[in-house]
Amino acid sequence: MVNVVLGSQWGDEGKGKLVDLLVGKYDIVARAAGGNNAGHTIVVKGVKYDFHMLPSGLVNPNCQNLIGNGVVMHVPSFFAELEQLEAKGLTDARERLFISSRAHLVFDFHQRTDKLREAELSGASTDGKNIGTTGKGIGPTYATKASRSGLRVHHLVNDEPGAWEEFETKYRRLVQTRQQRYGDFEYDADAELARYKKYREELKPFVVDSVVFMHNAIRDNKKILVEGANALMLDIDFGTYPYVTSSNTGIGGVCTGLGLPPRVIDEVYGVVKAYTTRVGEGPFPTEQLNESGEKLQNIGAEFGVTTGRKRRCGWLDLVVLKYSTLINGYTSLNITKLDVLDTFKEIPVGVSYTLRGKKLDLFPEDLNVLGKVDVEYVTLPGWEQDITKITEYEDLPENAKKYLKFIEDFVGVPIEWVGTGPARESMVYKQVSK
């Protein structure tokens, strides 16, 4: 059994909370894409665990965890995150953590060039705005991967004669390319190589052939949960390009990032915030640059885990969700942070876009078009009561249930879970038939 949790909007939907809820039922939790540019917090028995690169299944003592080939890995950050988790009580984490030998390495020079590249991309964009990178070196690493000049984990841990010398040569070539590209790019390559020579031995026990690992698990009928990073609207192909991340964050990235054929995937859970947020620049049709937007931001505590940046806030955009559903094929949805809407008398929901009076059939790929659309809203009545203590779906206010039913009917996918508050246990389960 392979089930997948994916973000359906622009990230920060609350995927970690659903994974936290589900992880006790699984034998393996795997990451398929991204790096340490995403983040979420899981609370277990009052202890907060911050995850960025490592799979959340580490909180389950019976769960193995895999960083897949589609992930790009900054080794110092990997060990720093692991040590923080160990310090908080996950003392056996190393025994249950594995890394694909095919995962690409993020070096410090990738992070250095990230900001330089950001400035160039902002100059090339249609509106002159920054892309909004986290500065973690993710984009430059995927660029070296695509140009077939990157270094993978197996290059680092290979102990065959001459392997380290080959690694060093390729590494220095990558640094030299950046020095030629950016002119005054000063960088201590010797120091980083010395660090990686040390990491080489430390990393070896974690490294596996992830294709063999995953397919052996499937053969043995293990229960596998794939933990998505970022979200569909940040996908390099299907997101609001170029205001996206550098990997495939949708269902396609799950297959390529773990070496899985599509037929082995059973359930795809789409996580949807009850309103919409995004971090950084890029079009955002339902954004509310007004009192409503500020209210959503303040009540929802909309600040990024990884960057601390304020999230832009707006109403739920069902055009985005329907588009996301077409691509990812969600079998059920988790609506999160419904309680943030508790005090709103009326709640507008975006249901269609028009351009110069003409209705668009689907979410547009052209940002020049997207930036000019008018959003048509349906305004639904609020419930104006506190739902944070509610534990049963039937006990939700009628208008809250109508809001959820409107979403289900619009996208044609059942809602299985509803987040009713920030607490770990504040999740209402709704029986669905599939």
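Using the three backbone atoms N, Cα and C, a Cβ is placed for every residue, glycine included.
Model, not experiment: these values are computed from the prediction.
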Which of these, Thr134, Thr141, Thr256, does Swiss-Prot list as part of the IMP site with Asp12, Glu13, Gly14, Lys15, Asn37, Ala38, Gly39, His40, Arg148, Asn230, Thr245, Arg309? Thr134
Out of Gly11, Gly14, Gly308, which of the binding-site residues has the smallest number of neighbouring Cβ atoms within 10 Å? Gly308
Using C-alpha atoms only, work out the spacing between Lys17 (GTP binding site) and His40 (active site, proton donor) and round it to an integer in Å. 8
From recorded positions Gly39, His40, Thr134, Arg309, Lys310, the one whose Cα lies nearest Gly14 (GTP binding site): His40
Out of Asp12, Thr134, Gly308, Arg309, Arg311, give those recorded positions positioned within 10 angstroms of His40 (active site, proton donor), comparing C-alpha atoms, in sequence order. Asp12
Mind giving me a neighbour count for Asn37 (IMP binding site)? Other Cβ atoms within 10 Å of its Cβ, every protein chain shown. 27
Residues Asp12, Glu13, Gly14, Lys15, Asn37, Ala38, Gly39, His40, Thr134, Arg148, Asn230, Thr245, Arg309 [recorded IMP binders]: greatest CA to CA distance in Å: 34
Pick the one among the binding-site residues Thr41, Thr134, Asn230, Thr420 whose Cβ has the fewest other Cβ atoms within 10 Å in this structure. Thr41
